[in-house]
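Below is one structure, written out as structure tokens; comments come after it.
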Amino acid sequence: MIRSPIWHPFTQHALEPMMKRIAKTEGAYLIDEDGTPILDAISSWWVITHGHRHPAIMEAIRTACETYDQIIFAEYSHEPAEKLATGLIEVAPAGLAHVFFSDSGSTAVEVALKMALGFFHNIGKPRSRVVVMEHSYHGDTIGTMSAGERGVFNAAYEPLLFQVDRLPFPQAGSDQATLDAFEAICRSGKVAALLIEPLVLGAGGMKMYRASLLAELKDLARRYGCLTIADEVMTGWGRTGSLFACEQAGIAPDILCTSKGLTGGALPLAATLCTAEIFEAHLSADRRKTFFHSSSYTANPIACAAAVANLNIWREEPVRDRIGALAKLHEKGLARFASDPRFANLRQMGTIAALDVVVPEGGYLSEIGPRLRAFFRERKLLIRPLGNVIYLMPPYCVTAADLERAYDAIDEAAGLFAAGRL
Ligand SMILES: *Cc1c(COP(=O)(O)O)cnc(C)c1O
């Protein structure tokens, strides 16, 4: 057997089978080297929105390649980035006025944290506490791991992680404990920012909370002079039903992070949007107030062109109708498990549906996770449960028949598990 030198992400190579290669992507499918189509029911880690290789995005990339490769993004600007920045401000929640580019969700969040602390530093009222919600995930760099939930993922790096304040995830029907905890921390006067995934905590287990809680947290933050950072890296670009999840809470954050669906999932790109107030706190004849951040590939022109094409798709195609139709299919798919004792916590928001398999012991390392994954792989479905949490987050071009096949497989897997045969 020829071993690959590749070290894959989130992969225990001692336990995983040899990986098949994907030879082609098309719509909602990955096509492997044997020509077998695999339904990409998790949008290739949540990035593909409209479908793989949307023609308009591919065309924009081809055209951009005629003119650009990478261009330094200090001293010079370029048209794809300018168009994209203007377009993003148009569609983003009101009040966001400036766009800082980077290249991954983690970096977008790092940039947001630096903007927040830089803001308070530059106005001469230093604040440095960061408040997050329990079970949150913001990336895998040291800074974003610090903000995220602690556990098996980051135990080895614990000595390097900084402390943040954590709010309890709201219990069903009760948001008050979360609000009270936030207000108590805010009273210290030291909170720089609330960093939060709006409406859905993704990697933490597709945990969903009410839009009204987000609105109330934002209101508390404003009253205590702390900034709200919306990490829309996963929730953006229609995932929760609206373009950005913040819209459903009627809030405009001070800082918004976007990445995964920004280019429709075709190329890596990220943006951190902020208010004029935050930008202006860095505007000074004093060079020490400069925002000191960059990555080499900031605002890659080809990626920006892909994102501009994505904005056009949102303007010109009935994306919202597709999302609405997909949401209805999920409702129907979940309904069959409504009073099924094998499942708990059926939940859905927009294009995301999730349910917990009832197991003696849950959690990410729950043995059921890898077994379910292997079962789905055999069924030619790309579904990667988070422990005992099964979720579907397909591209918006997925068909009713595709989704039905996914729900059938979930049903079958749970049946096998209950019978001790998975
Ligand atoms: C995926 C994700 C990130 C990290 O994005 P990367 O591009 O993987 O670095 C950050 N925040 C949230 C909410 C995410 O889902």
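The backbone N, Cα and C atoms fix where each Cβ goes, glycine too.
Applying an 8 A CB threshold to same-chain residues 6+ apart, the list for Ser294 (substrate binding site) reads Phe73, Ala74. The substrate binding site feature in TrEMBL is assigned to Trp45, Tyr137, Lys260, Ser294, Arg384.
Under DSSP, Asp231 (pyridoxal 5'-phosphate binding site) is assigned to a strand (E or B) in the three-state scheme. Residues or ranges marked as pyridoxal 5'-phosphate binding site in TrEMBL: Gly105, Ser106, Asp231, Ser295, Ser296.
Taking Cβ-Cβ distances under 8 Å and a sequence separation of 6 or more, the neighbours of Lys260 (substrate binding site) in its chain are Trp45, Trp46, Val47, Gly105, Val233, Met234, Gly236, Trp237. The N6-(pyridoxal phosphate)lysine annotation in TrEMBL covers Lys260.
Take the binding-site residues Ser106, Ser295: by the count of other Cβ atoms within 10 Å of each Cβ, the lowest one is Ser295. Residue pair Ser106 (pyridoxal 5'-phosphate binding site) / Arg384 (substrate binding site) shows a Cα separation of 21 Å. With a CB cut-off of under 6 A applied against ligand 1, the binding-site residues Ser106, Ser294, Ser295 are reduced to Ser106. Here the candidates are the binding-site residues Asp231, Ser295, Ser296. The one whose C-alpha lies nearest to that of Arg384 (substrate binding site) is Asp231. A 10 Å cutoff on Cβ-Cβ distances gives Asp231 (pyridoxal 5'-phosphate binding site) a total of 32 other Cβ atoms nearby, all chains included. Using a 10 angstroms CA-CA radius around Tyr137 (substrate binding site), the binding-site residues that qualify from Asp231, Ser295, Ser296 are Asp231.
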